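J.: Quick one: this structure, given as structure tokens, is what I'll be asking you about.
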Amino acid sequence: VVCFFTAGWIFDIFYGVDMLQLLTQLPGADSALRYRVAEEGPPDVKIGNVAADLGLTAGTGSGDVTFALESGSEFFKIDNVTGELTTGPRRIDREKLPQCQMIFDENECFLDFEVSVIGPLQSWVDLFEGRVVITDINDNTPSFPSPVLQLSVEENRPIGTLYLLPTATDRDFGRNGIDRYELIQDGAVGSGSTRRTAGGNPISRVDGLGDRRGRSGDIGGGPRSTVFELQVADIPDGEKQPQLIVKGTLDREQKDSYELVLRVRDGGNPPRSSQALLRVSITDVNDNSPQFERSTYEAEMAENAPPGTPVLQVRASDRDIGVNGQVEYVFGAATESVRRLLRLDEATGWLSVLHRIDREDVAQLRFTVTARDRGQPPRTDRTTVILAVRDENDNVPVVEIRKIGRIPVRDGAALVPENVLVDTPVALVQVSDRDQGENGAVTCTVVGDVPFTLKPAGETVNKKKYFLHTSALLDYEATKEYSVTIVAVDSGSPSLSSNSSLMVRVVDINDHAPTFAQSVVEVHFAENNTPGERVVTVVATDADSGKNAEIAYSLDPAGNGPFYIDADNGDIRATGVLDREQRERYELRVIAKDKGTPSLQGSATVVVQVTDRNDNAPKFVQEIFTFYVKENLLANSPVGMVTVTDADEGENAELSLFREEMFSIENNTGTIFSSASFDREKLSSYTFRVRAVDGGEPRKTATATISLIVTDENDNAPSITSPTNESYTLLPPASSARTIVRTVTALDSDTGPNADLRYALVGGNPFRLFEIGHTNGVITLAEPLERRHRGLHRLVVRVNDSGAPSLCATALVHVFINESLANATLVDAQVARSLMAPLSLDIAGDPDSERALGKQRLSVAIGVLAGAAAVILVILLVVTARQCGAQGKNGYEAGKKEPEEDFFSPPGAQPQAGCSRGSDRGRKPRRDKRNGSGIGAAAGGGKADRSLYSGIVTVNGLPRMGGGRRHQSSPDLARHYKSSSPLPAVNLQPHSPPAEGKKHQAVQDLPPSNTFVGSGDAMSLGSDQCSEYGCQTGNKYSKQVGALGRDWDDLVSMSPLSFVCLGCTKIFNLS
């Protein structure tokens, strides 16, 4: 036994020496730890090593010395063995930290933490404070107050006139804050872009092409006037002010508006940017701006000033008179909190309190006030207002009790072993006051006869920390638990105080204080009560006896509200009438004191929940709701939503909505549904009322007006009113260019762009003789008329609206070129035949005219060289057939049936579709079932059917005329589109210069199939010519030619004649 105690004594000596060395290494308790970390970082980012920064070496890493994070655990965590400080799972957003809301210096945004260094068996504890500076990253995009910025600029202002533009805001600051503004032209051709350097000098221009009234055709070259420039000024408060400078002449009568894009970028990496549409309106002159008396107004106001308290008056004067000299005041660059807390009188410029201001939330209000006159457009001036909020002693001290070291604190109770030494710290007490100066200077003490005392542990601004130490030995057998009350009192006038209690349970005092059965009593009490009505009765008990058990009740004056308590029986009564809508919850602290010496007391919290009565009617957020809905919306579709509120609660706030019969409304959301579809052309607006009824007794109601405006959809195609498809116009051949031929008139039931019509010639104009006005539909003569142009011309006119998607209509305009209507019946027959012909077929002039001239010349040639020409023709036919057979192996094959083709098209004819812009190339031609036209229709035609096109040789023949004239305003145009010939043609170009040594020249465009068409050359004046519609023939189609009544003598009589080898790639010209 002696040896055992001796060895233990020696071990204690060596262990004490080691601990003494470790204690000498610790820095003073007032040393601070400083770190930096970026916001928005992930968890477990290393911040620093507390052990290393404190210079601790002995005992660390072995578990003898441990670390604990006493505060700041919301964002940080620490390794209790190594002392490594890292970020916690909650991300740090610098812009959302309350203490960083008004901080614009990166080093001033920080989070404090506390770390305790604990010795073995908690034989000693040291507390250290630390601070982590939160650095800013570029995680916020600068933005303008509105996506559309309006600016009014007066006309006739001198060049260099400057206009202030709305500034953008960026929640970031410094390098990540606003760096530059840019002004760019939105969608105009040739517009420049406005950019500026960091210095804010204007360096580029914007062309004034944004006017919506700009003329078409301005895309080409030529000088463009420079109208605006952007200048960015650095104002004294450090912000950048974008300014618009007039660089060109502004004439409202010529151009009354411009649309630009104002872009803002920050200086982050990568930078963030946003933009707003800047609409500049040019108006008449108002040449004097209001001027403030001072550029900056500064004032001081007391916090908690009641609403309506005047604070400051800003004044501006305007040298103009009348409405241009009447000045009104509005907030300029002001945050939402400024607009919520202050009211600005538009007429007098007085700033007054709108809502009570708490200095602890807002210490300073800085904003701008804009003075503008009532001219058109108004002119403005801006001044800066700085309001400092003076502190009032309106915050009670806050006492917070936390654990320290290894002694846990749970549910307000500390579990302390009974064998702890005297002067052992058992809890950490932190006392703070949100007020400043003397109002925030707090003294703290322990109330009651308990074996505990407070010792200072550190102090910062408006914050003190204490260790709660034991002041005597604890004996579990004598006393099992202690209730420790800590009272904090500030130095304000009058002073405010608060207290907090800690239950110390001795694990294995003050004699008995009065206690309540419940620490929190909740009672429901109806509003609109009678003054003096009893609310609740509270009863406290005391385990003592005699005087020590006699209890007197009182309410804590710090928060008793409109209540009082009977000191003898504990009845709590209301002193006035309660209004739930103003305040629905009261917390009363009831103090029960015994009459012992010293007196002990207990307290309980009484929560008075004010219940509701139906004393408030429903209220719509606005009296008139206006909604815009597209026409043709399906029935039972939502068309708008109304919002109605009721200041009551429960059944008194359960609202039912009623509406007109044509609409339905959903009670839960306020969504209005239509019971039928809308047609703007029938009814463009609806107005009805919605009624809201609450569920209280008696019921209360409110009504609102709903205005529903139906917007236009492009659901009506243009309707052509003139001319009809059967009509035609007589045009004399002597008409000169620019002669008005006919006007196409169309209507559209829609409005706006959906009714903006465009006219275009999409077919029937192979000679480019006619032009049409794209906006007015006027058809004019573009070129002088020639003899070959005589006859009937069919123009295909398409009328498109400007909707999306565009709708269209098609009209046929017939023009008969002749001196007079000698045979109107023949013209009517040609028009009727035109209505039956495919739209891809160009009807342009009478081929009989050219053919008659060709026959006259051919007769002279036949009379001189009839025999020689016949022999030469037969020889050349044989040679041609052999060469085609040798070269057409990949094209036409003898005996193989080819699909019928439609060669009824003049040179250069292009197939046209109806409203579609595609072509019919590659489709098979269809028969016209209604008129019985087919492949062999031409075989039995005769001259009567070929009066207009008697000089044309075609494979399919012409459609036969119907029994009578068709009287309809629009033919089946889709049938014509589907009937068009799908293949291109090889045409002899009569206006091409002849090749050297040759009389005729062919310009070829080889098609993908075995169909070619040839035409004569107009260069040979001494010989007959083919019609402008072309002469087609070939050995492959001899049967069709025979069916048309043509024989070899007729072919020989045509000189010069071009033969085309079907299936080969050469054209042979015969003279």
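From the backbone N, Cα and C atoms, a Cβ is placed for every residue, glycine too.
In case it helps, TrEMBL gives these features for our protein:
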- 933-942: compositional bias 'Gly residues' (COMPBIAS)
- 29-144: domain 'Cadherin' (DOMAIN)
- 145-292: domain 'Cadherin' (DOMAIN)
- 293-399: domain 'Cadherin' (DOMAIN)
- 416-516: domain 'Cadherin' (DOMAIN)
- 517-620: domain 'Cadherin' (DOMAIN)
- 621-720: domain 'Cadherin' (DOMAIN)
- 739-840: domain 'Cadherin' (DOMAIN)
- 888-942: region 'Disordered' (REGION)
- 955-1002: region 'Disordered' (REGION)
- 858-879: transmembrane segment (TRANSMEM)
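Describe the structural context of each listed feature in the structure shown, including burial, neighbouring residues and relevant distances.
T.: Sorting each residue of the domain 'Cadherin' (29-144) by its DSSP state yields 17 helix, 45 strand, 54 coil.
Per-residue pLDDT, averaged over the domain 'Cadherin' (517-620), rounds to 87.
Per DSSP, the domain 'Cadherin' (621-720) is made up of 4 helix, 45 strand, 51 coil.
Sorting each residue of the domain 'Cadherin' (739-840) by its DSSP state yields 20 helix, 40 strand, 42 coil.
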J.: Give the one range among 29-144, 293-399, 621-720, 739-840 whose Cβ atoms make the most pairs under 8 Å with those of the domain 'Cadherin' (416-516).
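T.: If we count Cβ pairs closer than 8 Å to the domain 'Cadherin' (416-516), 293-399 scores highest.
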J.: Tally of helix, strand and coil residues over the domain 'Cadherin' (416-516) according to DSSP?
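T.: Helix, strand, coil within the domain 'Cadherin' (416-516): 4 helix, 56 strand, 41 coil.
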